[in-house]
Structures are given as C-alpha cells and as structure tokens.
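Student: What follows is a single structure, and I will ask about it in a moment.
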Protein chains: 6
Amino acid sequence: MIRKEKFGDEILKAHILVEALPYIKKFSGKTVVIKYGGSAMLDCNLKKMVMQDVVLMKFVGLNPVIVHGGGPEISSFLKKLGIESKFVNGLRVTDEKTAEIVEMVLVGKINKEIVSMINELGGMAVGISGKDGKLLKAEKDLSNGDLGYVGKIVEVNIEVIEMLIDRGYIPVIAPVSFGDDGKTYNVNADTAAGKIAEALKAEKLILLTDVEGVLENVEDKTSLISRMDLEHAKKLMDSGRINGGMIPKLKCCIKAVENGVKRAHIIDGRLTHSLLLEIFTDEGIGTMIGKECFDDDNL
Amino acid sequence: MIRKEKFGDEILKAHILVEALPYIKKFSGKTVVIKYGGSAMLDCNLKKMVMQDVVLMKFVGLNPVIVHGGGPEISSFLKKLGIESKFVNGLRVTDEKTAEIVEMVLVGKINKEIVSMINELGGMAVGISGKDGKLLKAEKDLSNGDLGYVGKIVEVNIEVIEMLIDRGYIPVIAPVSFGDDGKTYNVNADTAAGKIAEALKAEKLILLTDVEGVLENVEDKTSLISRMDLEHAKKLMDSGRINGGMIPKLKCCIKAVENGVKRAHIIDGRLTHSLLLEIFTDEGIGTMIGKECFDDDNL
Amino acid sequence: MIRKEKFGDEILKAHILVEALPYIKKFSGKTVVIKYGGSAMLDCNLKKMVMQDVVLMKFVGLNPVIVHGGGPEISSFLKKLGIESKFVNGLRVTDEKTAEIVEMVLVGKINKEIVSMINELGGMAVGISGKDGKLLKAEKDLSNGDLGYVGKIVEVNIEVIEMLIDRGYIPVIAPVSFGDDGKTYNVNADTAAGKIAEALKAEKLILLTDVEGVLENVEDKTSLISRMDLEHAKKLMDSGRINGGMIPKLKCCIKAVENGVKRAHIIDGRLTHSLLLEIFTDEGIGTMIGKECFDDDNL
Amino acid sequence: MIRKEKFGDEILKAHILVEALPYIKKFSGKTVVIKYGGSAMLDCNLKKMVMQDVVLMKFVGLNPVIVHGGGPEISSFLKKLGIESKFVNGLRVTDEKTAEIVEMVLVGKINKEIVSMINELGGMAVGISGKDGKLLKAEKDLSNGDLGYVGKIVEVNIEVIEMLIDRGYIPVIAPVSFGDDGKTYNVNADTAAGKIAEALKAEKLILLTDVEGVLENVEDKTSLISRMDLEHAKKLMDSGRINGGMIPKLKCCIKAVENGVKRAHIIDGRLTHSLLLEIFTDEGIGTMIGKECFDDDNL
Amino acid sequence: MIRKEKFGDEILKAHILVEALPYIKKFSGKTVVIKYGGSAMLDCNLKKMVMQDVVLMKFVGLNPVIVHGGGPEISSFLKKLGIESKFVNGLRVTDEKTAEIVEMVLVGKINKEIVSMINELGGMAVGISGKDGKLLKAEKDLSNGDLGYVGKIVEVNIEVIEMLIDRGYIPVIAPVSFGDDGKTYNVNADTAAGKIAEALKAEKLILLTDVEGVLENVEDKTSLISRMDLEHAKKLMDSGRINGGMIPKLKCCIKAVENGVKRAHIIDGRLTHSLLLEIFTDEGIGTMIGKECFDDDNL
Amino acid sequence: MIRKEKFGDEILKAHILVEALPYIKKFSGKTVVIKYGGSAMLDCNLKKMVMQDVVLMKFVGLNPVIVHGGGPEISSFLKKLGIESKFVNGLRVTDEKTAEIVEMVLVGKINKEIVSMINELGGMAVGISGKDGKLLKAEKDLSNGDLGYVGKIVEVNIEVIEMLIDRGYIPVIAPVSFGDDGKTYNVNADTAAGKIAEALKAEKLILLTDVEGVLENVEDKTSLISRMDLEHAKKLMDSGRINGGMIPKLKCCIKAVENGVKRAHIIDGRLTHSLLLEIFTDEGIGTMIGKECFDDDNL
C-alpha cells in the first residue's frame, strides 16, 4: 500500500517504541541509582545523551537517582590554585584546603551542570550534597593510612531523596559528606552510589565506567560476562584475575546486591545510550550481577 | 569503534526512544479519548497493534480511554437470530429486540475482547457500559424520524472513568446508554467518544477511521489536511465538499473542540501504529483540528 | 391521646425502623457477598425486591457485592441460535461457541439489567465481569471430565471490587473468567461468590436459592437447620442425607467459612425480602453456617 | 404459601424498612441540628426514644447534632441551693452565682446524661459546651433590659463540631457561652441551635417542642400548618395570630432558613418517635418551613 | 558598643529563649499528660501560670493533655447542698447523690474554667469527661470496701483525645467515668492521668503536687531524689520510708513507667512555672522516674 | 520561700519563655524569608547565633527560609585564581569565568556551611541554588549597562521550597539563577529574597544588614524609624535623604510589601540575636515597613 511506504520510517520507529513496552512495564515505579562519572562525564555529546536517557527513564515511569563523581575537573581546579594533587594507592590525599575545593567543584559546579542539563531536557532535577538533610554521614577512612579528609560513609538518611522522588524530581547527588566533627569528608562516588541504592532498596545500581564490563579473563577482550550471580562474582574477586580498577567497582556491586539491591550493573559509559541499552534490551551491554537466579529476567 | 558497530541496531533503537521524549513529556498526565472502530477492529493484527499502542501510551504517562463501536459483528449476530437489519439514512432501525442484541454484542462480546487483549499485553483494563455508574444517559433521538431505541446522549457522568484512571486502569467503554424510561438506547460511538472527551476535558479526541483523514478536495487524494483550526473546519463543513461518511465525524470533532477538548484527530486506523504516529511525531498522519493557533504544538 | 391514634401507623413504622438498629449497628461497614440466582432472578417482582434490599443495605452502611448467575436465559438464547444444550452431571458442556453466548448473556444482558435496576432504585452500581481488572483467573476444570470451557477459579484479584466499594458503588459481577491461554471460561456462580467472599474477607456470603435452607432430614420439611457450626455442616455432608442440588452449595459455604468468611447463609430467594429478613432479624429465615460458636450473634 | 404466612410479620417489617429507603437516600450525608428540650427531655421513656431516633439517623447516614436546654432541672437545683429564680418576660434573671449553677446543671449533668444514653444505645457521642473550642461567643443581651449574664451569640466557631461529625461522633452541645470579658453567658437553646445550624449550613433545624406545630389559627387545633414558605411564615408572624411561646421559635426558624438552613421544623416532642416521623414520612407530623418551593420534597 | 547596651535586656531574653532550644527539640511532637490539682489549682496566680506553661508547651511543639481533679470545691459544694462528706481511708464515700454533685462540679465547673483560661491565653482547649467518646470505663472499686460509686478504670478509649491532639486542641479531661451498669463513677485523678498516659504511650506523665518531690528520707527535707529508676522506686516503696500521701502517687508513676510511659514526674505545683522548669531545664525541680538508664537525658 | 530563692534564676528564665508566647502564637505557621549577609556572615560567633535563632524559629512553629549572599569570600577566591574584580556602580562585572567562580563559592561553599551549621544546631536544612527545581529564572540585567552575567529574576518557581517547608526542612538558597540561554546568572541576594518572599506570600521579609535600620535623617544616628507604612517609605525614597547603600534595600522592601509580603524589616545583623529581638519583642530593633496600619501588631 502506498501509505505504508510513505510512513515506513515512522512505523518502524513506532515498532521500536512498542518493543520497549515490556521493559517499561517491568521497571515501572522502580528506583535506579546511577553512578555517573568517567568519560560519559567529559564528552559533551555523551553527557547530553546520558541525561536524555535519564529524563526518558523518568518519563516512562522509572525513578532515576544520579550520584556523580568529579574526576579531572577537581585536579584541574586544584592546579589553577597552585595546590598539588597527591595520591596514595590511587586515592587523593585530602587536606582541609583540598576538601574545600573538592566540595566547591562537586557541589558548586558539576552538580549544577547536571541539574541544568536535565532541566533543559525537560526533566526537573534538584541537586544536593551529602550534607543536605544529613544525607551522608562519614568518618575518617583509615584503611589506606591517614589520607586526611577521606571518609567512609557510616550513615545514610534517604528522607530527602524519597521526598524528591515522590514529588517527581530527579535527585542529583554530590557525595560530599559531613562528619560528627563538623568536618567535610570526600567519599568515593561508587561507594556512595552503592550505599544510597541499598538504603533506597533500589531495583538497580548502575555504574557507568570506561570499560565494557567485567571480563572472565582480563586478557581476553571477548570474555565479557553478561550476567553473573553472587557466587560467581565472589569467586572471580578471589581469583585475582580481576583488573585493578575493576576491583573496587565489583566489590561495591557485590555489597549492594548482598544488601538488597536487586541487580547491579557495570556498563560502558563511552557507548551512546548505554543506559537505555542496558535497561531496555534483553541482552544488555555490560555486566549484570544478581543474587541468585535470573528467571524473572525473562520477559 | 568495534563496539559501536556491534550495538549499532540497539543504539539506533535507543535514539528512537529518545526522539519520542518531547512528545511523552508534552502529553504526560493528559487524557486521550480514542474512538476505536472500523477496520482497526476487524483485522486481528491491527487490533493487537492498536492495543499495544494504547498500553504503551498508558505506561509512558498518558491516560487513554477507549470508546468502541460494534459494526459488522452486530449485523452478523442479528442475522444468525433471523432478525433483519433495517437502515434509514445509514442509521440502524432499533426495536427493543434489536437493542437487546446490540447491547449483548457490544458489552458482552466486543468490550470484553478489548479488555482481555489489553490485559494480555500488560495493561489493566476495566470494561463498562454507559449504564454503569450512570455514565451515559440518553433519550430518544428523533432527528431522523423515529428509529426506535436510537438515543442521543443528554447527560454524562464521568465519575467512574475518573476513578478508573486515577487508579491506573484503562477504561474501555461500550456506548450503550440508559434512559429515564428504563429503556436501553443505542448511541453513536463517535458522538459518545466526543461527549466523554468533553466531560473529561480531554487533551485529545482521536477517531480511528477507514480513511486517511479530511481532504480539502474530496476528489483529490493528495489534498489531505494535516492541521486546521475551527474556522477552517467549519467553512469546510459548509462548503459541501465533504464526503458523506466524513460529515458526522467532522461535526463531532468540531463540537468537541468547541466544548473544550484541545485537539481532535481523524486518523487512518488501517495504518499500523497510527495512534503512536499521530501522537509521537511532529507531522502526524491524519487530520488534527484545534481551536485557534498551533504555536504550542512546536516542540 | 388523639394525636397518637392519628399517627398510630406511622409510629409503628418508626418502631420497626428502630428495631433494626442493633443489626444496622452490628454490620455497619461490613461486606456481604450475595449470590443472586434462581427464582429471585426470574420473577419480576422478587427481582425488584431483592434489589431494594441491596440498595437499602448499602444506604444503612453495609457493603453488598452481587455475584449473579444466568440460568434459563442462557439456554433460551442458545436455543434461539439453534445451539443444543448438553449437560453432563448437571454441568453444561461448553464449546467455544457456547462460551461466547454464555458471556454475552451474562455480561451483556443480565449484568446490565441488574445494574440498571439498582441505579433506578437510587443505588449506584457498576457491573463488571471476571475479566475486568483481572478479577477471576480460571483454568479448565477436568474434575467431571473435559466439558470444554468450564473453568475452576485459580486466582482472584479484588482490587477493582475494593475500589468500587470504597467509592460508594455496588459491584455487580458476572462470573465469566479469563484463562492464561486467552480463552473465556464459564465458572459456577456459587463458587465464584464464595471465592470472592474469601478474598474480600467478607462478613457474610449469602446464597439465594430456591429452597428454604438446609434440612437435617431431607424428607422432613420441618427439619430446617437455622444455625450450624462447621463440624455439624461437615458431618451432614458426610452423612449422605443431603439433597443433590444442595451438596455443591453446602460445600461452597463450608469452604468459605473455613477460609475466613464469618458467616455463610443459604436462604430462600423465593421469599419476599429474604435478604433483609436474614440479616435484620435474630432468628433469620434460612440456614446460617459459622466457624464455631455463635455467642456474638446475640445482640 | 405457608412460608409466607409464617414470616408474615417479618416481611411486613422488611417492607417498612424498604419504605424508608427514599428518605434515607435523600438525606444521606446531610446534617440535622436538633434542639432537644421540653417534655421529650423529662419523660424517661420519650428520652430514650428520641435518642434511639438520633442513633438510627446516624447509622443510616445522616449527621445529627444535638443542642439541648435545661429547663426545670435548673430551677430545681437552684431551689436546693436556696437561690430564688426570678424571671422577666419569661427570661431568667441570671447573676454570676446563677450562671455558675446553670452551667453546672447543663454541662455537668444534662449534657452527660444525653451522652451516656446515646453511648448505651450504640452511638458514640461527645458532649461539649459553647466554651470548648470557642464554639459560642456571646455578649450581654440587653434587648429585655439588663438580666445579668443572659447573652446573645455573636460568633460561632464550628470547627470542633465538624471534626466530631467527620470522625463519626454525635456532638451534644450545652449552649453555655463565653464572653470576651471572661464571663459565662447563658443563651437561649433554640437560638443557639439555629445559629449552629446556620454555621453548619445544615439541611434541617428541628425544634422539639411541647406543641403539635404552628397553627394557622391559634384557637383552632385542627389548623396545623404542615408546610409553609418564608413569605407565609413572616405574614403569620406579623399577623399577631401566633401564640406567645411560639413567637421566638418561629422567629428562630425564619432566621435560620433566611441564613441558609434548607428546612426548619417545629415538631411535637411529646409524640413517640416524632423525629423519625418528621424525617422519614412524606406528610411529616409538625410544621416545616422552607425558603420557597417544596418541589424537591416530592420523592 | 552602645547598641548592645541599649538592647542588653532583650538580648539576654533572647539568649534564654535559645537556651530552651535543645529541650524544645527533644520533646517536639511528644505527648505529656499533666495531672493538675492541689494548690496549683486553688491559687489564682499559680493557675494562670500553669495554663501559660501549658499553652507555651503546645505552641513550641509538645502535646499537653490535662487531667484535673476537683478537691476542695467538691466538698464546699456538697456542704452548700447540706450533703455531708464522709471519708474512709481518705477516700470519699460516694452515694448516687454525691456522684452527681461530683460530676457537676468537675465537668460543669472546674473543667470549663480550665478550658476558658487556656482559650483566653491563646490556646484552643476542648474539655471532655470520661463519658465522652467512652473515654473511661470503670467498675466499682471494692479494694477499700464498698464506698459506693468509687470506681476503678477498666478500659481507656483514647480515640477522642488523639483526634483532639491531631487537630491542634489541648484536651482537658474531667475523670468522671461511666460503668456498664449505666452508673457514674468517681475515679482518682492521678490514676486516670496514669492510665491515659499509658494508653497514649506518652513521653511524660507529670503529677503536680503540693510537695517538692520524693524524699529519700521522709524526715530529711534535703534528701529530694532528682532521678530514680524503677528498681530504686520500687525499693523505696517497699522500704516503708514513704510518706502516706506520696504512696499512691509513687505507685501510679511506677505503674505508668512499667506500662510504657517514658518518664513520670512528681513535681511541686506550688512553685511558679514548675512545669517549664521540669521540662526545660537539665536538673529539673522535682523527682523523675524512668525505666532504666537516663543516658539519653543528656542533651 | 526557700525553694523559690533556690530556683530564682530558672523561674526568671521560664518567665521570659512565657513572655515570648504571644509572638510565637502570632507567627505560628507563618513564613519568614531572611536575607543573610554582611557582618552576620563573617563573624563566627554572630553566624552561630543567627543560625540558632533560625532553628529556634523553626521549632516554635515559624517557617524560616534563608537566602544568602556571598560577599568578600567571592572576591578573595577570585583573587586566589588571579581574576581581577571589576565593579561598575558597585556591581560586579561578571564574565563567564567569574560567574562560574561565584557559583562555586556561593553554592559549593557558603551554602553548605550554612546547611552544616543548622544541622549541627539540631535543625534540618537543605541547601539549593536557583537552578534546582527551576527556582530562579533570570535574564541579563542591562539596567546598568552590560555587566556580563548579571541577571534580573524573571520567574520564580517555589514548588521545591514549599515541599521542603511542608516536610519540616529549612531551605537555604544560593541565589544563582539559570537563563533560558543555558547560562548562569548572578543575581542580587536582596532582590532574590524579596522575589521569593513575594512568591511565598511570606509574612515577613527580613534583611540582615550592617546598619541599625532606616534613618529619617541620614546624618542623625538617633533618627531610626521603627515602623513606617508604604507611603512614608516611598516619600523617604523620593526625598533623596537616604544613604546610597540603603536605597536598593529600601526599594526591595517597598516592592515586596506592595506585592503581598505583610511586613518587611531592615535590621542590624551585627547585633546578637537580632532576628529574635525583631520578631519576639514589641518594639523590635530595626525598621519595619507595612502596607498601611499596624493595628494588628498590638498583641
């Protein structure tokens, strides 16, 4: 029929919308905590696409919560101020001056950029830090020696996040924490995302990274693991076959799943629309970790 | 990049989802009354696609309400019972016996088929008739002479529909009405859809038909009107250039828009996913009628 | 006093209203599921009285829910269509064609008649079938051999009923069920009423029948049992002294009481205002079955 | 039929219940303010019947509010304390000492007796005075000279009453008022009932009196007026044909209707169940006053 | 600075307000049941101050509930009526006549005086008795022989109190109770306050008395106990070193704490602002009894 | 009495609490927008006291909202980064680089310091910027020539603030605004506070400044105006007798009062507890501006 040809492209598009229906249905009303960082944060184009994905998720009924890192912007800003960045085991040594700059960059710059972008794309975001509504309480993390104001989270108070979700906002969280000592603590964004996901009893924790996912064999690029259960994940951790940078991320996922998050995902933020691809397709694109069986993942 | 190639198709699909975002946003929480009838009701495949479109609309935040006709099934059933179908001006002469059969087919067969199909596709539908909760009150329509129990709607009570929408259900309505005389009245489904859309102050009234839309020149298939304002529509009505079957449909749309429905659409139900195409694309596929200007239709 | 004589009749009436007070108080806010069928459905006068009773119950604070059968109307309609009614053990053999007709008569005719009558009497009814809101899910019942689309209920979803009750409506239910296979199943109305009463944790399940109640001795018309506890009822079932038609009804009552319905009643629908008599008088008129003791029935 | 004979009386009772249905329906959810006083308060039997009527009204969906007087009990108590009762134009001269005793008898005795009786009959009553929640503010009424702490109501604050009604309680009000001067004022119970009915926008104000109603001709016992509109009532007031004791009562009714109460009734509290008779029968038993027409009183 | 001198006094006052902050914070939203009686009830000045304290408590976020006694006013009124007061073990022998007078004085006089005073001071009080909303059900207390209508509380129904608190009112309770026998029972106000505190799961029960608190050694005025745990309190009770009048008060406190009230206080009502002093200062002014440890009392 | 002496100080304190009662009552539930800046922001001690005052206000029932400036910290930070501060008419010339730093200091440093301090003092604060929830939309302010990203507010969306207030939080607002052009605009904090107060229909707008208030005669330090109505305020504005720095502040107050804020205050932030003194004392300490009359200010 002539008409069908004329509208061929549009009909195809409609088909694709309808294909997403089972996923939309499945995750309707569910909370998804997204750790946003790495390349997806630096490339202007990717940034916008991530935020489009987030706004779409919100409009089709999911409740995305964003926890973001800071990365290179912090170092670059410290440099401008003539403050040297020191690292121990890949962790930034954080004196009071540095902690202040970290907070300014995370809360006063990156957080607001994300908020603005979401708002421009038609969502409604509110950006907060771990100090607001006493969201994240930390104390000094001494597990790698005394690195100054590097904290570990000891209490999560999700009241503000729940209020924002209830009222239709997308919470954007800069994981700067407060201590009972009145000090500001810098905490790891992956860990913060994990802890928040646990407290929210989230359906999903998704870590946007700069790798394709977890590899069964770190040397074999084709050995990407699509799905694994806790047992598999723990064995892998113990095997020593995991890449250094992946270790804390996998640990964070395992902990989250152990503490009630249904699925934890490590996905490639460098890929366009990786969030949608992971959530709205059967196969996914990265690595998904769940407690035991995945029977209920068959739509 | 290799990865991008690998996921090329999926990324394209994600792009398409994101393209729908502005429309999803625009119509979020809005009510759309759909008159379902004609070919879209007979072809099994089309039927399923219409219902998929409806369920998708629900899940991405719109509130679809379906008003359905009966058409050929009624005649075929009457025939089985040896009751002859008589028509005056294209309107069925409806004695008490016929009215009873019309009700049984509409309420007891077609309505439940639609409900079942929506439920199978993952939505939650509740089917009611114009008698339930006193939804549609009618009295004898004598405008074409006495055709028996052919009614015109004199009162609409949308309380039940609003309750169903509020609680996440998709209302499916068989437009069989009650009279103060305790009788059952058969009313035109287009008109019923229009009246219900008015009472709900719906964002859209969409009539699924077996034509492409309204033609400026009934003899010129390429003269489809994409958008027209009330003035244009009324002039066209007066011009006598409208096809006979289109007249009541256009009248119904004009009235609905005059009484507060924001946009009325006449679209081609024979086209796959015509509902999605009309709502989720800029150009649309049929004819849209609005009060005055369409400035706010530019996304 | 002169005045008192003048208003003698009215004062008597007022006395009678006041006599009902303890019962009204006792059942205020309680749910009563009524299986409506048999003679009470055929006689025009009785029909109206049953519905008056139901509306009165609603207005004085009870929550009546009606589940109706179809009976003779179905057979008569099948006959008109030249479809022969076959029965095995008193159960209708139901091929797809027959199932379709059953649904049309129950949902499209009888259900709407009840709804209309309640509405005319001042109540607000909404009629639904077991497909609406996925109320009744069934699968093929093979306990009497393969009788076609005769189903047994495997899942009850009372969300819609509760919503209707909450908002002041009287739910009227045609017990046509859906299967996971997309088919329509005809289920026994008594059983459906019982299952719904269980799911609603109803105060009462009342079966309107064409007999006076349960007889201790089937041959002795004066041996009507007014009240019996579960033990008594089960013994009677096992005794073989029960009339054939009564067996499934008594079974249904026993099951309902075992599953949490407080009282199940088998009453004579042929008697004027039997519903009110059973609920609003101490002695009642039929047979009441309760779990153990009836101490709290003494007002 | 034998059965019908056996249950003849009960069926008659059920008929009578059903006869009340249109009235129950009509007044469902409506507020009725009842001035309780006179003989209906003194005779133990009548007392109980009035309260039964009130509880029944509550259970069938009306919202009764009782405002009571004190009458003879006050005088008798003052006498016991050796305080002489003085009257000017039928109004009690009320010094501070007397005001205190009036309050004690009304609030501490009569009010609690009514509350207890309602509670015993299965209702839930809460008794308050005009001081509670600042319900009734008064100032000295000098219209009959200075009679001491005789007040006229200048402000009504119905918040507490509405709260009690909302939560299912029957408010019982002793019309003792507070003044801005910190003093206690005795106010007329009829007037208080009228003012409260106005503030509540009540459906009905009912004054229980010791006469049959308003007579067209005070000398002709058979000239009882069943219904009159405001114009009629005012003419009668001006005619001088009204009995002295009736004047303030009729005035109070006229004012209430002028200020928005739909119907005001003057009925004979000496008659058994006079409240039910007036509300639940067409003819009523006393005098009903309405704004203009009574068309909507035809059920 | 000059300005500071000028506003010196005001600044000091502000400092004092701020000093109260930790206490306000600590008790925000908590319920405090206050037994009001003794000297604090007789002295006009003290009376006003107690009520000011209560209103302040309400406005800064606590929920005070007042239970009052009657004391000397009852005896004086009985005397006026020529009724002799008889006492057995300090308990008033209460015949029906006496019970009536007790109720009139408590409910119709003292209760309303308290309500008026609170209202004048800007709070909103509603006064009720134990009969209203079936708050306090009692039966004859025979533990000291048959003293007539002296009751012990057997059931507490706090629904009305909770409703009043929810809506911002201060409940004022005259502890006159009803019996299932339809009689009025006089109950001890301390005990009533305790029972109500238990039912409300109150944060605090405060007994305003005419002594400074509990003394470790009844002969040593300086041995006031500021805080004691249950064990300490019980030992003291058993030691026989407690003054006669204190015994029932201490018993009442012990019982309340055992049944879930967090802290019970016995304080000196003769002291100006004793309520505020006990609640809003660390040291307090009387005796506080708690379950076990007081660690959380350190602000 | 000995006891009274012993507790003399405490009793005095209680007296002072009670003295605040009329003010607490008067402003209960009212919203107060406080512009926090100047010396009160720099002195560590004053800072803490202001925040204590704010927390106290919250706990005694007011709804404080804080809008803060940045002042010297911004300049000092720009200096560290080697960016020179340029001013035109006292307004900072703001290029994109500067706007970014302003945002980082206001949102990422000062805002969080205020939030932390309030949280430490027992309140619950949430800090947001004008971008969050689209609170403040601005466009370039060209009234003083093109100063770069200096904005004037064109839209206020208080939804987030109202949500925070409703849930018991103290909103702390950094007045950094977004433009439709996606840019960040620096807006004047006084003006932002005024606009927010208008949108909230606040009871009070309070500007904390470094002067005592408005002087009738700028040269006469003793000519402080305690209260003035709009007319007075406008005359003063026109008189030219106002100090330069005061002009925009007075303008802002006039506009706020014209647009519905009940009272605007200019007070001396250098004075200890100036907020409490202004709100909780009759005389106040600064200048109060109201629409017309102040009769209702007499407690």
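Cβ coordinates are placed from backbone N, Cα and C, and glycine is handled just like the others.
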Student: Per Swiss-Prot, what member of E:Arg92, E:Arg227 joins E:Gly70, E:Gly71, E:Asn186 in binding substrate at one site?
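Tutor: It is E:Arg92, as the record lists it for that site.
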Student: For E:Gly71 (substrate binding site), just count the other CB atoms lying within 10 A of its CB, please.
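Tutor: E:Gly71 (substrate binding site): 17 neighbouring Cβ atoms within 10 Å.
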Student: Give me the Cα-Cα distance between E:Asn186 (substrate binding site) and E:Lys35 (site 'Transition state stabilizer'), rounded to a whole Å.
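Tutor: Approximately 16 Å lies between the Cα of E:Asn186 (substrate binding site) and that of E:Lys35 (site 'Transition state stabilizer').
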Student: Using an 8 Å cut-off from the Cβ centroid of E:Gly70, E:Gly71, E:Arg92, E:Asn186, can you name the remaining same-chain residues around the substrate site, in sequence order?
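Tutor: Checked against the 8 Å cutoff, the neighbours are E:Gly69, E:Ile74, E:Ser75, E:Val102, E:Val105, E:Leu106, E:Ala189.
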Student: Across all the protein chains here, work out how many other Cβ atoms are within 10 Å of the Cβ of E:Lys249 (site 'Transition state stabilizer').
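Tutor: Here the count is 22.
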Student: Consider the recorded positions E:Lys35, E:Gly70, E:Gly71, E:Arg92 and say which one has the Cα lying nearest the Cα of E:Lys249 (site 'Transition state stabilizer').
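Tutor: Nearest by Cα distance to E:Lys249 (site 'Transition state stabilizer'): E:Lys35.
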Student: Round to the nearest Å and give the CA-to-CA distance linking E:Gly71 (substrate binding site) with E:Lys35 (site 'Transition state stabilizer').
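Tutor: E:Gly71 (substrate binding site) to E:Lys35 (site 'Transition state stabilizer'), Cα-Cα distance: 13 Å.
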Student: So what sits near E:Lys35 (site 'Transition state stabilizer') in its own chain, CB-to-CB under 8 Å and at least six residues off in sequence?
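Tutor: E:Val67, E:His68, E:Gly69, E:Ala189, E:Asp190, E:Ala193, E:Leu205, E:Ile206, E:Leu207, E:Leu208 - these are the non-local Cβ neighbours of E:Lys35 (site 'Transition state stabilizer'), listed in sequence order.
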Student: Tell me, if you would, which residue among E:Gly70, E:Arg92, E:Asn186 (binding-site residues) has the fewest other CB atoms within 10 Å in the structure shown?
Tutor: E:Arg92
Student: Indicate whether E:Gly71 (substrate binding site) is helix, strand or coil by DSSP.
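Tutor: Its secondary structure by DSSP: coil.
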Student: If you run the three-state DSSP split on E:Lys249 (site 'Transition state stabilizer'), which class comes out?
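Tutor: For E:Lys249 (site 'Transition state stabilizer') - judged by DSSP and reduced to three states - the answer is helix.
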Student: Please find which two of E:Gly70, E:Gly71, E:Arg92, E:Asn186 have the most distant C-alpha atoms, given that the record lists them as binding substrate, and give only that distance in angstrom, rounded to a whole number.
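Tutor: Site span for substrate, by Cα atoms: 12 Å.
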